[in-house]
Amino acid sequence: MLAASVLRLTLPLCWLVAPQPTQPERLFHSRDRSDLEPSPLSQAKPIADLHDAQSFLLKYGWSEIPSPKESAGVPVGFTLAQAVRRFQKANRLPASGELDSPTLAAMNKPRCGVPDTRLPPRAALPTPPALLTSLGLRPRARQKRFLQMLFPKPDGQQEDASDTGASRAFSKKTLTWRLVGDAYSSQLSGDEQRYIFRLAFRMWSEVTPLDFREDRTAPGTMVDIKLGFGRGRHLGCPRVFDGSGQEFAHAWRLGEIHFDDDEHFTPLSSDTGISLLKVAVHEIGHVLGLPHTYRVGSIMQPNYIPQEPAFELDWADRKAIQRLYGSCKGSFDTVFDWIRKERNQYGEVRVRFNTYFFRNSWYWLYENRNNRTRYGDPLQILTGWRGIPTQSIDAYVHVWSWGKDERYFFKGSQYWRYDSENDQAHTEDEQGRSYPKLISEGFPGIPSPLDTAFYDRRQQLIYFFKESLVFAFDVNRNQVLNSYPKKMSQVFPAIMPQNHPFRNLDSAYYSYAHNSIFFFKGNSYWKVVSDKDKQQNTRLPLNGLFPKKPVSEKWFDVCDVHTSTLNM
C-alpha cells in the first residue's frame, strides 16, 4: 500500500529577481505575426527503457532519491517494481510491476511537471550530478535547494486543510497576477494570452472568495502570481523543460507558473494542440495549494486530457479549493424564481423555472437540478435584463394566478413591469402610460423605498417589507389589508426565541424547488414554515421562521469575480 503523502505543491521561488524595464519589448504587439520566423520546436526524449522509467518515477515522486552508497537511479526503500506498481494502480493499469507497453505509454503522456506524490522524509543526502540531470534539474543546483523544492516546509502563509496534501498558499483574498513582459509565448499573441489567463483566474474566482486582479505596473516583487513561457533552461528556474511532448508546465512555491514554449499551446477556439486555458487552470490550482489527483473529471489530474472544450471545475475540485479558502458569502439585493412556459414535442405546455440571485450590478442563475450556479456566472444585469435598473434592485414580484401573470421589479420609489415574452421591460401599460411608475400609484398604501417583497400564491397576497413592518397587499382589490401594516415578528414569528431577522430584510422569495418561502439577511437565511411542515408538526406556528442557517450551506458558489472579467 502506498505509504506516501501527496506532495505539497508550493515549491520555492525561482524567478530571477532583476530590474525589469517599464515597457519591455514583447514578441507581438498589434502587428501580424506571419512575417516572423519561429525557431523550430525541441522534441522531448521519449521514455523508452528502464533508465528513463527510473528517472521518471524519481522526478514525479513515485520513488525515493538514492543515497551516494546506492547506484544512481535505484529507489531507496521501495524496489522499482513497487514504484511501477503504484504508478500503474494510480493510472488504472494492471498493477503487475512490469514496465510494459501500456505503462510506458502512460509515462509518455503530456503532463504537468509538478510531482504527484511525496514519499516518507529522509535525511538530506547529496545527490549525484548525473541524477539531477536525469530529473530535469541543472547539475549545479544544490542538494539542499532540490530537497526544499520537492519537500517544502510549511510557512506562515500555509495551513494544512486535510491529509490529502492540499495546503493554503495565500492568507489574503485579493491576489494580483502578471504575465511577465519578456516571457510571452511565441505561439499566441500577447492579447490572446492575457485574455486566456484572465479567464483561467476567473474560473477559480467563480467558486472561491478569491479576487484575482491583473497588475501590470507594480514592482515584480509585489505581484503575487507571475506567469511566463520559456524553453529548456528558462526564467532562472532550476528545472529544465524537456521539449514538446511531455512536461508542458510547472508551478512553483509563492506564485510562479512556467509554460514550456516548445509545446503547441492553442487558443480557446481551437480543438487541436494543448489548450492553454486548461493548462493554466490546472497550474493555478497548484499555486493556490491543490495537489495532483487521479480522480476522473478533475482538472488537477497530472496528465493532459485532450478533446474537452467545455471543461469546468467539477464538484470535488470546488470542494477541495473551498476547504482551503472557504466558501463565498455575501448579501443579496433580491432572489427569485423565474417562471416560464415551454411546449414539449407533443405540444403540451410545461412550466419551468430558474432561480436568480441579484447583487449590486451582477446576477447569477442557479441551477437547482445541479445545485450550483451556472458556469460562467455572474453576468451584468445590463446585459441580461433589458430596461430595468442596472444595479441595486430592491425587489421582484411575480403575481401568478388563474387570471394574472405579471412580473414587477422595484427600486427606490418606482416599479417596472417586465415582458417575459420579449425579454424586456414594458415601456408603457395598456392605457399608454409609461413605465417606470411610482409605487404609490400602482400599489396604493405601500411605502418606498422597499426592503423586499414576495407574492404568496396561497393567499394571493403580496407581502411588502419595510424596516420592521410588513404590508399585506390584496392583488385582486388592489389595496393593503385593513389590519396591516404589522410587525414582521408578529406575522412571521420565530420558532426559537430571538432567532429572527426582525427588520431590514435583504430578500424574500418563494422557492419552487423547495416549495418553501425563504428570508435572507446578510449571510443567513430563515425558512418559513410551509403547509407540509405544519402537517408534519401541528405545533409549529403559522408562517413561523425556522432558526437561521448560512446561505452558503444551501446555495453554493454564488461568488463575485473581478470587474475586469465580468463580460468574458
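Glycine residues also receive a Cβ, built from the backbone N, Cα and C atoms like all the rest.
Record check: Swiss-Prot places HIS282, HIS286, HIS292 at the Zn(2+) site, and the matching candidate among CYS112, CYS237 is CYS112. Checking the ranges 38-45, 110-117, 214-221 against Swiss-Prot, the motif 'Cysteine switch' annotation falls on 110-117. In sequence order, CYS112, ALA249, ILE299, MET300 are the residues of the chain that are 6 or more apart from HIS282 (Zn(2+) binding site) and have a CB within less than 8 Å of its CB. Here the candidates are the recorded positions HIS286, HIS292, ASN371. The one whose C-alpha lies nearest to that of CYS328 (disulfide bond) is ASN371.
Considering only the recorded positions HIS286, HIS292, CYS559, the residue whose Cα is spatially closest to the Cα of ASN371 (N-linked glycosylation site) is CYS559. The Cβ of CYS559 (disulfide bond) lies under 8 Å from the Cβ of SER205, GLU206, VAL207, THR208, PRO209, CYS328, THR373, PRO378, each of which sits 6+ residues away along the same chain.
Cβ-based neighbour count (10 Å, all protein chains) for CYS112 (Zn(2+) binding site) stands at 24.
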